[in-house]
Amino acid sequence: MGTNNTSNNNGTTKKMSLEEFLGNDTLGESVWDEEDINLDAISNTTNIDILKQTKAGEHQRDGHQQHPHGGHGPMNRSRFSNAGPFGGGSMGDFANHHHPLQHQQGPPYIVKFSDLPPRFSNFDIEDLFQAKFTKFIKFKLFWEINKNPSISTLKSGSIFDQNFKRDSKVAFVELYTSRDMDKILNYWTTPLKEIYHITTAPAEFEDFKDYSTKVKLLTDPKDDAGKPFITKTQRSKSNPFGSAKPVDTQSKILDIEEKMENLHVEDTTTLRASLIPSSDSMATTATGSKITILKKQTPTEEESHSATPTPKPLSYSEVVERSVVNETSKKGTPLSKLDSPALELQSKPDKSDEFKGGDEQGFEKGGDDKAQLDVSNDKDKGSETDVDKQFTFKNVEREHSMSRTKYNGNHNNNNGNFRGSNRYRGGPNGSSYKGGHNNRGNRGGYRGGSSYNNNNNNTNDNNNNNNNSSSNNNNGSRYHDRQNNEEGLTSDSSLDASGNKKNDFTNSTSNTQQYSIFKPASGFLGQGNNDSIRNNGRGNYNSSGMNGGSRGRGFGRGRGFGRGAYNNRGSRGGRGSSGNYSNYNNRTTDMPL
């Protein structure tokens with residue numbers, strides 16, 4: 001057996017294939033017999049202490065008393081020689097290679113972090129170890145010790161300045177195991193130094209005691225190293241204006257305003273004089289400058305007497321009266337006062353409605369003679385009452401309705417104007433008589449008054465009842481008819497012996513009809529006779545010849561019969577409640593509305 005081994009060692013080594021190795025029976029028939037393997041020994045956990053004792057026994061038995069790398073530990077052996085569980089002591093050899101053996105002696109395992117910035121705090125230490133997934137037992141922050149203080153600092157400096165510096169801090173961290181310490185020293189040192197300028201090294205216990213002793217001298221809580229210390233640097237602002245200074249204009253303005261209030265004057269020359277120094281002001285006052293204050297001149301006696309007195313405020317009735325007068329004057333209605341007292345209207349003894357008050361207007365009597373009307377028309381005077389007195393209206397039950405003027409057919413064309421003037425709406429009307437040579441009727445009077453137009457153009461031009469008229473026409477009469485007249489007045493036309501038309505105004509009550517206050521346009525209800533048409537408001541009675549028709553406006557603003565076919569066109573009706581009434585001749589009949 002020994003000769004074979006020597007021959008094999010001396011000769012070339014024969015390589016065995018896998019088949020030859022499996023078929024070799026040199027080590028026994030069942031090399032891979034599972035029964036020969038102790039499974040209990042494999043399942044047991046290997047104890048590090050047992051391995052250490054085993055290795056120590058082997059070293060003592062072999063007579064090796066010194067570590068191969070020269071490291072000496074207590075009891076003449078290295079502390080980290082067999083620290084690794086995997087044998088060989090490689091972890092301990094690597095640690096001893098980088099650091100002296102005296103720093104690795106037993107717990108506590110403490111690492112020192114130096115050159116920390118002043119803002120470093122307890123939170124930053126915890127954050128660092130949490131980021132690296134490393135646990136620690138405890139830590140302590142200190143200010144860096146001032147090892148060489150200056151003489152001035154030792155004499156006049158504070159306790160903190162004599163022992164510590166505020167430029168940097170140090171931290172001592174105690175770890176659980178030596179593996180954590182080796183990890184920090186091997187893998188954290190270079191990044192922390194390059195990025196944060198932090199130095200990492202194993203801590204010495206004597207150094208830790210020195211820091212702990214000096215920190216007890218600090219009593220001010222502001223000197224706690226565990227809190228961040230941030231120096232407040234005041235930045236000096238650069239003046240954008242350089243050496244220039246802003247001008248104080250506000251004080252000057254306030255000074256000027258104060259002087260203006262004291263002087264109570266707005267004269268700029270006086271203000272300037274007040275701003276001049278005292279020496280200059282004396283010179284200016286010596287020249288005799290005076291302050292002139294502008295005031296409103298009081299009026300003299302002559303001007304005060306010549307000035308018109310302030311008019312008194314007008315009452316409501318006076319304002320209404322003036323407005324009515326202005327309107328009538330604009331329309332060109334002649335208003336003439338009577339020299340004689342107003343004539344009273346003849347009335348029957350059984351009249352039920354009458355006008356009471358100082359503002360009464362007289363009506364011309366209706367006579368049998370047409371010459372009387374012509375004379376009154378020639379005088380061109382209307383009755384007018386005193387307007388300064390108040391007008392009152394007594395509204396009693398009426399037996400007679402308002403007067404209606406009825407005009408039957410005639411053989412002539414009569415042209416007349418009737419334009420009523422109404423000082424108070426709904427009051428009596430002042431009438432005027434004005435003849436004219438018109439083939440066309442005119443508009444009616446003011447609201448509440450009735451108009452009567454009568455065309456009397458004589459074909460022979462030989463009958464002129466108006467003595468003062470220079471026209472070739474028979475002037476019609478102008479007549480105002482109140483909507484609430486005390487009597488019903490009718491106008492009947494007839495022919496005299498000479499063939500001329502004769503207008504007779506008589507008092508008639510046979511054709512009267514009850515008037516409804518709530519139905520001012522009661523004729524609109526369909527009554528067919530001529531009396532149903534009430535001449536209220538501004539309506540006109542237009543008659544234009546034998547076959548002519550008038551284009552009057554009916555009840556409200558409706559249109560009447562239409563434009564005449566043969567003769568002149570009728571005049572426009574008013575806005576009152578009455579419409580226009582057209583008559584052709586004696587033989588024509590009135591058309592119902």
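Don't overthink the numbers, they just go from 1 along the chain as shown.
Even glycines carry a Cβ here, placed using N, Cα and C.
Of the residues SER150, SER347, SER376, SER494, Swiss-Prot records the annotation phosphoserine for SER150. According to Swiss-Prot, of the candidate residues ARG478, ARG534, ARG538, ARG553, the site noted as omega-N-methylarginine is ARG538. When ARG404, ARG551, ARG557 are looked up in Swiss-Prot, the one carrying the note omega-N-methylarginine is ARG551; the rest have no such note there, which does not rule it out for them. Just one residue in ARG447, ARG482, ARG587 has omega-N-methylarginine written against it in Swiss-Prot, and it is ARG447. If you compare SER238, SER352, SER571, SER578 in Swiss-Prot, the phosphoserine annotation sits on SER238.
Least crowded of the modified residues (SER150, SER238), judged by neighbouring Cβ atoms within 10 Å of its own Cβ: SER238. Comparing SER238 (phosphoserine) with SER150 (phosphoserine), their Cα atoms are 35 Å apart once rounded. Shown for the compositional bias 'Polar residues' (231-241): DSSP residue counts in helix, strand and coil, namely 0 helix, 0 strand, 11 coil.
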